[in-house]
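**Q** Copying in the features that Swiss-Prot gives for the protein in this structure:
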type     : residues : note
SIGNAL   : 1-30     : signal peptide
DISULFID : 34-86    : disulfide bond
DISULFID : 47-71    : disulfide bond
DISULFID : 56-81    : disulfide bond
DISULFID : 60-83    : disulfide bond
């Protein structure tokens with residue numbers, strides 16, 4: 001009888017662990033993994049023209065294989081073009097602050 005209880009307990013424990021492992025949702029990538037700087041001093045020319053989508057967005061897609069691009073504005077003309085490898089939304093492109 002004791003052996004049967006031990007087998008059932010072991011089976012139950014293994015079954016629960018398998019369920020937990022397969023039901024854990026995938027962890028989404030952090031911004032640091034998604035956003036990479038385009039490179040060079042291209043921020044202001046890529047982000048300043050008031051066109052839609054920005055040159056940053058278009059060039060990141062064409063030249064870097066990213067899903068899109070975002071502009072991060074600092075003080076004055078301090079701008080960075082970041083290629084976004086996780087999100088392809090052209091509507092969320094311009095971020096203020098954070099440089």
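Including glycine, each Cβ sits where the backbone N, Cα and C put it.
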**Q** Out of 34, 47, 71, 81, 86, point to the one nearest residue 60 (disulfide bond) in space (Cα versus Cα); all of them are disulfide-bonded residues in the record.
**A** 81
**Q** For residue 86 (disulfide bond) and residue 71 (disulfide bond), determine the Cα separation and express it in whole Å.
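**A** Each residue's Cα considered, residue 86 (disulfide bond) and residue 71 (disulfide bond) end up 15 Å apart.
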**Q** If you measure from the C-alpha of residue 56 (disulfide bond), which of the disulfide-bonded residues 34, 47, 71 fall inside 10 Å?
**A** 47, 71
**Q** To the nearest whole angstrom, state the Cα distance for the pair residue 71 (disulfide bond) and residue 81 (disulfide bond).
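**A** For residue 71 (disulfide bond) versus residue 81 (disulfide bond), the Cα atoms are 5 Å apart.
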**Q** Cα within 10 Å of residue 47 (disulfide bond) is the criterion; apply it to the disulfide-bonded residues 34, 81, 83 and give the hits in sequence order.
**A** 81
**Q** Let me check the 10 A CB neighbour count of residue 34 (disulfide bond). How many other CB atoms are there?
**A** 18
**Q** Taking just the CA atoms, what is the gap between residue 81 (disulfide bond) and residue 34 (disulfide bond) in Å?
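**A** Their Cα atoms are separated by 13 Å.
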**Q** Counting other CB atoms within 10 A of each CB, which of the disulfide-bonded residues 47, 56, 81, 86 comes out lowest?
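**A** Among the disulfide-bonded residues 47, 56, 81, 86, the lowest count of other Cβ atoms within 10 Å belongs to 86.
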**Q** May I ask for the distance between residue 34 (disulfide bond) and residue 83 (disulfide bond), taken between their Cα atoms and rounded to an integer number of Å?
**A** 8
**Q** Quick check on the disulfide-bonded residues 60, 71: which one has the highest count of other Cβ atoms within 10 Å of its Cβ?
**A** 60
**Q** When a 10 Å sphere is centred on the Cβ of residue 83 (disulfide bond), how many other Cβ atoms does it contain?
**A** 23
